[in-house]
Each structure stands twice: as C-alpha cells, then as structure tokens.
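The transmembrane segment annotation in TrEMBL covers 32-53, 74-97, 117-139, 151-172, 233-256, 286-312, 333-355, 361-381, 402-424, 430-452.
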Amino acid sequence: MVILVGNVWPALGGSILTTIYNGGPPGVLYEFIVASLFYFTVAASLAELASAMPSSAGPYLWASVTPGKSYGRAIGFFAGWWSTLAWILAAASMSAICGNNLIVQMYAFSHPSFSVQPWHVFVTYLLITWIACSIVCLFNKQKPLLNQIGIFVTVCGVLITIIICAVCPSQSGQPGHASNATVWIDWTADIGYPNGFVFVAGMLNGSYAMGTPDSTSHLAEEIPSLSNNIPKAIAMQYITSFVSGLAYLITILYAINDYDALLVSAFPIAEIYHQATNSTAGTIGLLFLLLLPTFICVIALYMTCGRALWALSRDGATPLPAVISHVNLKLDLPVNATLICCGIMTAMGCIYVGSSAAFNTFVGSFVLLSSSSYIASLLPLALRGRKGIEFSVFRLRGGLGFLLNFLACGFMLMTFVVYCFPYSRPVSAASMNYSCLIWGSLTLLVALWWTVHARREYRGISIPAAQAAHLLE
C-alpha cells in the first residue's frame, strides 16, 4: 500500500500544471531533481525517528516525544492534526487529478466542441471522492487484492507510457522529439517573479510528488522487524520513486514539439500526450493509463487519512472521540472517521466553483500541512542536541544527523514561505494562491479546539511500553 500512496509518476503527470510555467521543460526537470534531493534529507531524518519509534502514528508520535515532556503534548497535538489534514488534502488533490485533470480531459479531447464549466469539474470531483470512499468502506477486506492490482497497473502504466512517448514522436510523419536544448537548457518563465524565486516556487510539483516520506510508518503494525525494515522501506520508496519519476519526466518532455500550444492548453498533460502520439485515441489511452493508478492511489489515501483521524480520536484529540474512534467490527474499519474525511473533502471541493486555481490550492495546502508535521518532529530534535530518545538500528551518526536535520527543516521552512505566494503577477482573485489561507484557517481551528477543550482534556498520545522504554526523558 505504501507504493500506492507514494506513487510518484501519476502525481507528477497529473500535477504538471503547477510547474510547467516555472521555467518550461528545464524547470520541470531541475526543480524535480532539487526538490527530490532535499526530500532525501527529510526522508533520512524521519527514517531515523521511525527506526527509534516505529508506530503507525508517525509524526503524531515523533512530535510528541522530540520536544520533551514540557512541550511534547501540545506540539504533538498540532503535528497530529497537521499530518491528518495533510493526508485529507492529499486525497482531495488526487481526486482532483482523477476528476478534472484526467476524466474531464479525456472527454474534452474526444469532444472538441465541449466547453468545460466549473460545475462539471465539481461534480466529477464529488463522484471520484464518494466512489473511492465507498470502496474503502465496503471492500476493506479486499485490500491485499487492491494492492496487487495497484502495483500491476502502476508498473505497467509507467513502462507503457515511457515506451509510447519515446517511440511515437520519431515515427514517419511525426514532428520528431524536442531538442536537447529545449529539454535541458531553454529556460522559459513569464510569471512576474525573478528566476530564482520562479525556480523555488516550481519545486512545488516535486515536493508534492516526493513529499510522503512518512507513508511507510503508517503501516508499522503490518511490518515485521520494524526498526530495521521501516528505514529500508523508506529508502527503497525514495530511490524507486526518484528513478521512475525522472525517467517519466524526461520521456514526456522530449515528446513536446509545440511548447506554445502547451502553454495555452487547459490540460497540459493531455496536450503532451497528444503531441507525442498525434492521435486522439492515443491521447485518451495514455490518459487512461494515468487514471487507473491515480484512482487506486485515491483509495489508498482514503485508508490512510481515515486511520490517521481515527488515531487522533482514540487519544481524545478530536470532538466526539467515542464516535470518531468507533471501529465497525463487521467491516474491520473506522467507518465514521473515513466518512468524516470524505465530508471534509466534499466541502473543500466547493473551492472549484469559485477558483480556477483550486487544484494548485489543494497541492500547496498538502505540502504546507505535511511540512508542518515534519518540522514539528525534526526541529525540536535538532534544537535539543538530538537528545531525549535512544536511537535504534538506523542512526545518522556524528555531525551527519545535525546536518541532515537542519537541511531538511531549512528547506521546508523556505519553501513554506515561497509556496504561499501568488502563482503569478499581477494577481487576480480567481488565480490567487489560497494555500496559506487554508493552512491558516485549519491551524486556527485546531488552536481554537486546543484552547477550549483539548488543553484540559487531551491526555496525549498513548505510547506503548515497548517504545517508552527507548525514551531517555
């Protein structure tokens, strides 16, 4: 299931709209590479914590421990909520990729006279959201089969897409591949910001695709030899994700033969596929190969965010904890928590009606919220001299631990600020970046709940005795 949640190439293809204007093809590639390198530092830092404190709670547990007893309860509370809300936004953004960036694109390409309206996108988004939620609730016991199908369509999809996009442009009658200069050198950005700022802002696509280093930890109860195997799983996830994601990006960018047409297209990935195949049927076929793993990823994300909310409610961190933490024994699933996540996603989908930048908002909000939970786990560890916990099998020894911890936190703090800026200048209401508004509003609600209730009633995360024995404080 980790492979499905951390599925990089569908996320890159479906969210290429967020970065294609930030430098063109060279920007897409280099921004992904740099973002990936920095997320390797985040992954290594979190892998160390996961080895020392393996738990499905992930950042919720780590942020409760690394700040020490004085601040751990409050920081862990906020980190748990940030992490849970991040997974909800991840599910919302992938639902948006399915609904708008793929299904609507497929229909629009086969019906040239079709004019996409905001309500079309909203209705499709809702259908994807509730179908995925229904599958999670009704077919939870078929999870192993879903995992096998997901891995199959993910691997086959990326291989078939790479082969087709690499071969078709060179066929007789086709315009041919893009030049090396177009893919690697010719920087194109006209969004009203300096090039350095454009580059950092363009890393949003890579941060979104690679920004799930804690996904393995949420399956801790299902993995043997936790302290040893979770860091290995995180390393394998990141290596395979980076290699497959980079290969996919290079291939589709070489398939571009009309960059100007790409810039005016409402559906960039569909336009790239169309230029690669010069065929409507071929375009729809490649979009379908992208749709399958993306939809399965949505299902996997529902499993993750539902369980994350359930973990919070189990410790009394949510309103109505007895209701939200209830597990349906027949379905073997926290149904109430899953349905509440779906309700939140439905409400967020209303943004589509009023803003053409709704998808960018979902992507940006996910990165801001997930980064907040990681910073809450790592920054206290570094500031306290990496003391307070007993490290396990995987440990970043000597100055390497400090270096990677501070690099990871510095990167996330820097991009946190940049990802809050408007996507382009001059700014209009319809194209405004609402990510910071969503992050601020959700954080304010969490703070309000902490003030009126949780500060007195929240008992803190339950730390198993076997893990508590490893804590030095």
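Cβ coordinates come from backbone N, Cα and C, glycine included.
Note: the stretches the transmembrane segment (74-97) and the transmembrane segment (151-172) are not in contact (fewer than 3 CB pairs below 8 A, sequence gap of 6 or more).
Remark: the transmembrane segment (430-452) makes no contact with the transmembrane segment (286-312), by the rule of 3 or more CB pairs under 8 A. With pairs at least 6 apart in sequence, the transmembrane segment (32-53) and the transmembrane segment (402-424) have 3 or more Cβ pairs within the 8 Å limit; the two touch. Long-range contacts of the transmembrane segment (286-312) within its own chain (CB-CB distance under 8 A, at least 6 residues past either end) are made by residues 1, 4-5, 7, 9-11, 13-14, 56-57, 60, 80-81, 83-84, 87-88, 90-91, 94-95, 97-98, 102-103, 105-106, 109, 128-129, 132-133, 135-136, 140, 143, 146, 149-150, 153-154, 156-157, 160-161, 164-165, 215, 218, 269-270, 273, 276-277, 318, 324-325, 327, 333-334, 337-338, 340-342.
For the transmembrane segment (32-53), the list of distant contacts is 12, 19, 59, 61-62, 65-66, 199, 203, 205-207, 209-211, 213-214, 216-217, 220, 226-228, 230-231, 234-235, 237-238, 242, 245-246, 249, 374, 377-378, 381, 389-396, 401, 404-405, 407-408, 411-412, 467, 470: same-chain residues at least six beyond its ends, Cβ to Cβ under 8 Å.
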